[in-house]
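The structure appears right after this line, and notes come after that.
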Ligand SMILES: Nc1nc2c(ncn2[C@@H]2O[C@H](COP(=O)(O)OP(=O)(O)OP(=O)(O)O)[C@@H](O)[C@H]2O)c(=O)[nH]1
């Protein structure tokens with residue numbers, strides 16, 4: 001029970017959209033249910049049933065979001081239902097129903113993207129104004145009241161739109177910062193762990209070959225010691241730029257230590273890894289120039305075995321890198337064990353090493 005509750009809280013904490021939908025669901029049920037009952041008792045069945053549909057739709061959307069994790073669809077659904085029914089209620093109730101349009105405007109900006117929420121608001125306003133022009137006196141008591149409502153609701157919409165755009169932009173920036181290395185722009189250690197786990201699961205589920213290359217700049221400390229930290233930083237930046245330029249667009253580059261990098265090559269077999277490594281190694285040799293001359297790199301690579309945990313895959317590549325370093329640097333060593341379906345992999349086994357002295 002405790003674990004269930006802890007997971008429940010964890011999901012609420014980490015999934016912003018889910019927590020908003022749940023909160024709105026709670027407000028919807030507590031805030032609108034009494035009105036549904038009141039309207040039904042009063043005999044206003046159109047409004048009563050509309051309120052009831054709103055409450056039931058909210059509950060359904062919250063359950064859908066929790067079960068499937070698809071908060072986008074759930075949000076879009078409640079946005080459509082609320083927008084249509086709130087307009088219908090406002091047309092039926094007149095001024096008393098208009099009060100609900102303001103929270104609806106805010107609500108939609110929480111549920112869907114700022115663009116969609118603006119469209120929903122404009123549709124509500126068009127519906128209400130159109131209806132009151134068609135049948136004067138039904139929604140608004142006077143043109144003055146209609147004008148005031150139009151201006152204030154548009155102001156609420158524009159201000160919320162600005163706020164929503166700012167928040168969305170900041171959230172996107174934070175998401176990038178959370179997975180990016182500040183100096184080089186490569187992905188960071190946290191992203192690497194997540195992506196390697198996903199790569200291992202892609203291999204297990206779909207049999208897609210996965211390869212990785214661990215790279216470590218040679219004698220990097222000397223650059224720092226002789227030319228200073230900023231010069232070392234520049235070499236790291238240049239290295240990342242060069243690797244990104246020379247690898248495929250779908251390959252993902254991570255910085256996971258001071259001068260240690262990892263390239264994840266998805267859908268890549270051993271032969272692909274070998275040729276990519278040889279090409280990148282050559283590019284670094286000819287294209288990476290530090291303040292004291294050319295900078296070289298040592299590389300270790302491995303292809304993911306069937307059913308192998310990602311940690312052991314990384315360890316095998318790391319062992320190859322260690323061998324490349326200890327046998328003289330500026331070289332590539334790739335574990336040539338081919339992936340064998342259902343083969344049991346002993347993480348302690350010594351890799352079959354193919355040294356590609358370039
Ligand atoms: N400029 C700079 N240096 C860094 C950064 N992070 C780590 N370092 C330095 O990287 C150096 C790594 O040194 P070592 O681990 O001895 O590696 P190395 O000198 O390249 O030697 P080998 O790897 O054995 O060839 C250390 O001097 C760290 O201070 C960074 O962000 N910027």
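The backbone N, Cα and C atoms fix where each Cβ goes, glycine too.
The transmembrane segment annotation in TrEMBL covers 20-38 (among others). Tertiary neighbourhood of the transmembrane segment (20-38): same-chain residues 12, 48, 51-52, 54-55, 58-59, 61-62, 65-66, 71, 74-75, 78, 107, 110-111, selected by CB-CB distance under 8 Å and a gap of 6+ residues from either end.
Feature annotation from TrEMBL assigns transmembrane segment to 45-68 (among others).
Under 8 Å from some Cβ of the transmembrane segment (74-105) lie the Cβ atoms of residues 17, 21, 24, 44, 46-47, 50-51, 53-54, 57-58, 61-62, 64-65, 111-112, 116-117, 120-121, 123-124, 127-128, 131, 138-141, 145, 149, 153, 156-157, 160, all in the same chain and six or more residues away from its ends. According to TrEMBL, the transmembrane segment annotation covers 74-105 (among others).
Marked as transmembrane segment by TrEMBL: 117-134 (among others).
The transmembrane segment feature in TrEMBL is assigned to 146-165 (among others). Long-range contacts of the transmembrane segment (146-165) within the same chain: residues 98, 101-102, 105-106, 109, 114, 117-118, 121-122, 125, 128-129, 132, 139-140, each at least 6 residues beyond the stretch ends and with a Cβ under 8 Å from a Cβ of the stretch.
Residues or ranges marked as domain 'GGDEF' in TrEMBL: 208-337. A mean pLDDT of 96 is what the model gives for the domain 'GGDEF' (208-337).
The annotation region 'Disordered' is assigned in TrEMBL to 336-358.
Here the domain 'GGDEF' (208-337) is broken down by DSSP into helix, strand and coil counts: 61 helix, 34 strand, 35 coil.
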